[in-house]
Amino acid sequence: MRVIFVISLVSFMFVTWQTNPVHCRQHKTPQVVDLGYSGAKVETVMKTSDVVYAKPMCHGGRCPPPPPTKTCSKPSSLKAVSRAGHAGYFGTIGSGKYKNNENCWWSIQAPADQRLRLHFESLYLEYGNRYCPYDYVNIHNGKNENGQRLGKYCGIKAPDDIITTGNSAYVRFSTDSSVTKYGFRLRYSIVSCNSLHTIFGSHGEFGTVGPAYGNFEECSWKIEVPNGKRVRLHFKRFHLENNNKYCPYDKLKIYDGSSASASLKGTLCGKRRPKDIESTGKTMFVTFSSDISLTFPGFRIQYSVPASCSVVNELTGPSGTFGTTGSQYENNEVCSWKIEVAQNKRVLLHIYRFNIEVEANCEYDSLTVYKGPNDSAPMLGKYCGETIPTFMVSSGNTMFIKFQTDGSARKPGFWIGYTTG
């Protein structure tokens, strides 16, 4: 005798096979309503709401309960496709403990270009040792247990989320004839972003995929560029759930380093596209998480290596430093700094190092210093090569410095400090 429940509410297929309606049955979201069955024929009726009815075909009256059994029926394979952004649940249910000699399985399938995330919401099985010889949950890649085993679990310590390498997963729950516990509950969902990725190179893109990200997402990206360079993030699109400035629901976090223990540069949500964000070193770490409720189109981020100096810098403190970074500056840069100190004060420049491409009139690469707030002010000097005054003074409380390079030779660059006089 066999009952088949087919649930096609989320964007992948979920199938359960069972002959014990108390212990191996689908949880809510979607809810399965068991109307009882006889040994004749079962018709599965799909609803557009969150309820799926398994309707028995009987000859008058309510069907009698099935005879008691302790194992699930043989596996089968069905496919269903629906909209994204939802999660489902399965496992042992009921108010008591699971039975001895259970043998239940579930096959879960996502669309061809997606992967699955399995999350243990609870786990309480008999524990013997780390090999789980008694009661256990086995999880495999693929549609059956011939696929790569991703893990075998027992006891009470739930593992980290399990991510499939393909678009399907196979889960088997098996118990022996002795001790019983309270079972387990698994949540499954589509991985809409790329889970954990380390990205190398000087440019590229990453972000969520599809028309909307899913619930319960936990994704991260580590971006690493060559030594001496920095990472710049440019947001091509951005739309997450928003509630307030603290982003309590769905959020994107950006860290100035190689992991989430680095300095946090920002927590982002809502639909206002953020400004470009730059790292101070060669790595940046980005995490995205979503909750159980609303989903939105997500984000797409372009990363690149910026010019070795800041594109625009306004320096307003009484002292500071600025210049190129790395072993050599980049070609085709145009960078500038505006220094403004207190009224009735002057800017004092101190040249610590200076080495840029040389040309008689500094037509290739050059550093130009202006006696005012912008490049329309009178020019104090235009410099290249390795020759420059080691000390310069403004005529007022502002000074503007512009660095420009062409497309050919590169040099170590410069580093300048300023104080107030």
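The backbone N, Cα and C atoms fix where each Cβ goes, and this holds for glycine too.
Swiss-Prot has this to say about the protein:
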SIGNAL    1-24  signal peptide
DISULFID  CYS72-CYS104  disulfide bond
DOMAIN    72-191  domain 'CUB 1'
DISULFID  CYS132-CYS154  disulfide bond
DISULFID  CYS193-CYS219  disulfide bond
DOMAIN    193-306  domain 'CUB 2'
DISULFID  CYS247-CYS269  disulfide bond
DISULFID  CYS309-CYS335  disulfide bond
DOMAIN    309-421  domain 'CUB 3'
DISULFID  CYS362-CYS384  disulfide bond
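Ranking the disulfide-bonded residues CYS154, CYS247 by how many other Cβ atoms lie within 10 angstroms of each Cβ puts CYS247 at the bottom. Shown are the disulfide-bonded residues CYS104, CYS132, CYS269; the one with the most C-beta atoms within 10 angstroms of its own C-beta is CYS104. Counting Cβ atoms from all protein chains shown, CYS335 (disulfide bond) has 23 others lying within 10 Å of its own Cβ.
In this structure, the disulfide-bonded residues under consideration are CYS219, CYS362, CYS384, and the one with the smallest number of other Cβ atoms within 10 Å of its Cβ is CYS362.
With helix defined as DSSP H, G or I and strand as E or B, the domain 'CUB 2' (193-306) counts 0 helix, 53 strand, 61 coil. Taking CYS104, CYS219, CYS335, CYS362, CYS384 as the disulfide-bonded residues under consideration, the smallest Cα distance to CYS247 (disulfide bond) is found for CYS219. On the 0 to 100 pLDDT scale, the domain 'CUB 1' (72-191) averages 82 in this prediction. In this structure, the CA atom of CYS154 (disulfide bond) is 59 Å away from the CA atom of CYS335 (disulfide bond).
Across the domain 'CUB 3' (309-421), DSSP helix (H, G, I), strand (E, B) and coil residues number 0 helix, 54 strand, 59 coil. Taking the C-alpha atom of CYS132 (disulfide bond) as reference, the shortest distance to any of the disulfide-bonded residues CYS104, CYS269, CYS335, CYS362, CYS384 belongs to CYS104.
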